[in-house]
Amino acid sequence: MSAHPVDTVTAATATPDVAQPFKELGLKDDEYARIKEILGRRPTEAELAMYSVMWSEHCSYKSSKVHLRYFGETTTDEMRSSMLAGIGENAGVVDIGDGWAVTFKVESHNHPSYVEPYQGAATGVGGIVRDIMAMGARPIAVMDQLRFGAADAPDTRRVVDGVVRGVGGYGNSLGLPNIGGETVFDESYAGNPLVNALCAGTMRVEDLHLAFASGAGNKIILFGARTGLDGIGGVSVLASETFDGDESGTGRKKLPAVQVGDPFTEKVLIECCLELYAAKLVVGIQDLGGAGLSCATSELAAAGDGGMHINLEQVPMRATGMTAAEVLSSESQERMCAVVTPENVDAFMAVCKKWDVLATDIGEVTDGDRLTISWHGETVVDVPPRTVAHEGPVYERPVQRPASQDALVANTTAGLKRPESADELKATLLKMIASPALCSRKWITEQYDRYVRGNTVLAENADSGVIRVDEKTGRGIALATDASGRYTALDPYAGAQLALAEAFRNVAVTGATPKAVSNCLNFGSPEDPGVMWQFQQAVRGLADGCATLGIPVTGGNVSFYNQTGSTAILPTPVVAVLGVIDDVHRRIPTGLGLEPGETLILLGDTNDEFDGSIWSQVEHGHLGGVPPKVDLEREQLLADILLAASRDGLVSAAHDLSEGGLAQAVVEAALAGETGCRILLPDDADPFVTLFSESSGRVLVAVPRTEETRFTGMCTARNLPWVRIGVVDEGSDSVEVQGQFSVSLAELRTTFEGTLPALFG
């Protein structure tokens, strides 16, 4: 037991005037007053720790909640029809047919990944995997959305190296394929990298588990790793000023605020959980992530039909002398908390022993509506659990469109010099594909295992990852994640919809049907009215877009305070779209050359839209103007036609157009198929606009010559604009833009793939 004096409920009642460090714990005066009002006394040290972490921005969504409600307001019953679990659960769950369900979610681990890039990224992966486990599913794949400072900035190499190794090291050790993502470099992320991790899992519909504690007398079992001092960063006053000393030593002060992960413990924990689920030994379950036991106990109790009592000293600890507040606040990784009926406890413990997973009975569900926690026989917590988990402060922060927004929008690309000659067009292409903005991410993705477990059908560099779910029927899922901070800075409403449109389109080009959305909303300080305007507009854009497309937001995450001083990151709403494909054998690949002599057809309208584009960034260091127009009805039409084409075998390859426009799409598709092609520019077209415009709602498809008439006829009948844009010449080893220039595949590959190894290799 700690030598630290125990601040009990009795002591707190008897000493109402004791000064407490609530401000150091991040609580405001009115929040502290509200806690005292709820309890009818001052909180104990342990209670103060619980409320401070659970009422933090990260856990309570106190600045975003009023805006996030809009997702619910715009989601119809029809949109919810296939959703088995949604916002408020550990992760969203969608019925994908044939008795299968998929759960998926995106979470951020941004700030820890700057402080300690390897562990920050690794534990970000571990945390989202446990969210998926807690729903009753087997995790099957991960993805990542990464944002770093300028590629040539001094500190970027440190952060990139650690984050990429952390994502790969943890995911690879778990045996989970990393099937895609995005990596963006921009100076706004210097000091504030974004590490957003997605995990997806599968289960039979009847195996869904939720986080709740019900049934008086049911036992609370903590299982997994021991509880240590790592991750008590948010509760800084509970730990020390230094990182020195052994965790178990008497002179220890504080370990780093960043959690330390052990993927091998988590891998065993996954198998243990799945066996517990299969044996029907779990009533309710919650993973221990942010806020640790404070979160797990209060959320389980709040969601149940009674109260809960915890004997905190029973928690297995790996550090001596821990206080009750430290045990409650620890964010040690690889831990789960389950509710188990008394008659099943022995069987539960036996399964854990089989997998060599430490499991301890730490309490039970009680009658009543209180969460009580004792520490060596003395009560240190006695609270209504809903007040901790769900009834924290809710702020309607000031929302104000920044005065600088008008000037930003007015600063268009109209006056920027454009390439005109064939040589200038070729030089522009080579410069753009070599830029950190568009170059190959192969140096990153090769550090990830993309095909472990044998169910990966498509992965990076495809537009979306495709995973087989059912080996007998071939049923699978497609997942894509997208975001554009540049477009969102120009117009947050449109920027969020452009991210949604691209992720939706990336799923559709594989031949899958988009079904559901998750998100991770990364913004600056909520105390800045301009940031809150960006956030409000992005939420509304995303929600309205999902309503138009008829797919629900199943859950997500908000990350605020991503800024250095007064400089915020580019507003970055990350959107993940889940699609379902009936048979992964009919998925549409990215690479050209599958069929000899394919015709290249460009679907959609190409307009002179360069504001916010990668061309304006790479060639001119420019950001301003109005983003490309979003047409979500067109996106739905594209998806419908690609689905029909996939089922009928009308297209042999497809690749969406986004950053870098047609030129980037052609280069990527040609290199993926190791096949050259000729691009035939329309007679009346501006070569620069045709090659580099970033107009939305476009897809490049390769069509076998025998199916061209049938495919184009289908597009014409559905009023989808199309133009024959080129041919794939059998045996070609170059990309030729007819009448302009030609570049060999060898030069394209060297240029495209050489940048990141030169910077970070």
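Note: Cβ is positioned from N, Cα and C throughout, glycine not excepted.
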Key: Among Lys23, Lys28, Lys105 - the residue Swiss-Prot places in the same ATP site as Tyr61, Asn519, Gly556   = Lys105
Task = Quick one: which of Ser559, Ser566, Ser613 does Swiss-Prot put in the substrate site with Ser108, His109, Asn110, His111, Arg130, Gln259, Glu331, Ser332, Gln333?
result = Ser559
Ask   = Nearest to Gly556 (ATP binding site) by Cα distance: which of the binding-site residues Glu107, Asp131, Gln333 is it?
value = Glu107
Ask   = If one looks at the chain holding Asn110 (substrate binding site), which residues at least 6 apart in sequence have a CB under 8 angstroms from its CB?
value = Asn192, Pro193, Leu194, Val195, Asn196, Asn522, Ser559, Asn562
Request  = State the Cα to Cα distance, in Å, between Asn519 (ATP binding site) and Glu331 (substrate binding site), rounded to an integer.
outcome  = 23
Key: Within 10 angstroms of Asn557 (Mg(2+) 1 binding site), Cα basis - binding-site residues out of Tyr61, Lys105, Glu331   = Tyr61, Lys105
Note = Same-chain residues at least 6 apart in sequence with Cβ under 8 Å of the Cβ of Glu107 (Mg(2+) 1 binding site), in sequence order, are Gly124, Gly127, Ile128, Asp131, Asn196, Ala197, Cys520, Asn557
Task = May I ask you to report the DSSP-based helix, strand or coil state of Tyr61 (ATP binding site)?
result = coil
Task = Could you say whether, by DSSP, Lys105 (ATP binding site) belongs to a helix, a strand or a coil region?
result = strand
